[in-house]
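A.B. asks: Supplied in structure tokens, the structure appears directly below.
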Amino acid sequence: GKVNCKNMKQDCPVPACPRATLLPGHCCHTCPKAPLEKTPVPPFDTFEYFQDKEDDLDKPYNDRSYLSSEGLARDDARTEFVALLTSGPEPWHPTSSAVAKARFTLLRSYLLFSISYERLGRPSRVRFSDPEGNVLFEHPVQKSAAPEDGMLCGMWRTVSKANVQLLRGEQLRISLVTRAQPSGEVHGHILKHRALFAETFGAILTSLDPAHLGTGGMAMLTLSDTENNLHFILMARGLLEPGVGESPWVPLRVRILHQGQMLREVRANITVEDPDFAEVLSELSAHELQWLVQGQLRIVAETEGRHARQLAGTITTRRSCDTIQSVLCGADALLPTKTGAVGSAKLALHENGTLEYQVQVVGTASEVVGITLETKPRRKSKRNVLFDMTPSYKDGLARGTWQSPSARDAHMLLQNELFLNVATKDWAEGELRGQVISLPYSGLLARY
């Protein structure tokens, strides 16, 4: 949030008595025994409610409120969950070094899920069970629906109220069933997590020693809104063996590497009860940001001592089954139009940091002269264009690839903070505009 501070001491009334005292928690001196309610200046009279500093924003300029990812995440009808899946623990004994990360969105009674996995054969089913191990729902994985890139999409329709309560109470369990392991090769509890709405980069961590079965982790990362600081939360399982070592604290070392060269190092102590670890890497350089978005950074977490274990994974932009799209209309233009023109766009952010786009425009009143990807404008004269798609536009369709978005651009895209603008000869500021937002996975394409 934004806070505006003002020194209220300058506005204090002059006390009527010679020996005024300053009471704890008060700004102004008051007379002893004087009733506090009768102070001439009500406490909020000098408080300025902070408005966005848009004094020089042109008033007819369209500044509609828009959907932010935080707003979406806090929507009552929509809740986000996450699960880290590894082989084991009890009552299953570790049999595999596979690791999976699952993200869930509960939309009313629909539970949508995106699962990415490593070191795992093609799953045949996604199984949801209660704390006693009773199977509540199984999602069969179509052969064509589980591409070779280790990503799996699905939906549990009409989840009962009792199961929604189990989900919200973090009681539900998820397993990926493979032919080799019909009881489930990897398992995990479905949890709420405060980092989910902000996550724009992520990593799945697998053990560097294939003999360490049941070991794995995941990292959720995000950039600060203004500074180039990278926040991350590391969740791991199997890094610590219960009961090993004399001290409950185990030293943890986390490194960020580029082509084997160490860029950053963080050290901390973790326990078996609380193996999660959060940290901020401050002031990333231009090179580090570029490598981040291009999927060239690796994160390595290792414990030290007699039972040392090591997990590592590549950091990429957040993987999801959601569709990044935009609906363009005149009402959302910076100077609203009513020409009847419309547009739609579909975008895909790849793990190497390139952005594929397809924008279709129909019915403009005059010739299209510009299609641009922009941020929300702060002032009329300060439209911030990130990428110009105009050269790829022909006969109502702009299609191509943006090869070099920055880490900040990718972050804003995944946080629903970007807009598409279509300018025409008659409407130089834009005849059409639309916010680029992620639509939850619909399941419509699953059968194909």
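Using the three backbone atoms N, Cα and C, a Cβ is placed for every residue, glycine included.
From TrEMBL, here are the annotated features:
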- 77-195: domain 'CHRD' (DOMAIN)
- 197-320: domain 'CHRD' (DOMAIN)
- 321-441: domain 'CHRD' (DOMAIN)
A.B. asks: Taking only the residues in the domain 'CHRD' (197-320), give me the average pLDDT of this model.
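C.D. replies: Computed over the domain 'CHRD' (197-320), the mean pLDDT is 88 on the 0 to 100 scale.
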A.B. asks: What is the three-state DSSP composition of the domain 'CHRD' (321-441), stated as helix, strand and coil residue counts?
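C.D. replies: Split by secondary structure, the domain 'CHRD' (321-441) comes out as 14 helix, 58 strand, 49 coil.
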A.B. asks: DSSP helix, strand and coil counts for the domain 'CHRD' (197-320)?
C.D. replies: 8 helix, 62 strand, 54 coil
A.B. asks: Summarise the domain 'CHRD' (77-195) as counts of helix, strand and coil residues per DSSP.
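C.D. replies: Split into helix, strand and coil, the domain 'CHRD' (77-195) gives 11 helix, 54 strand, 54 coil.
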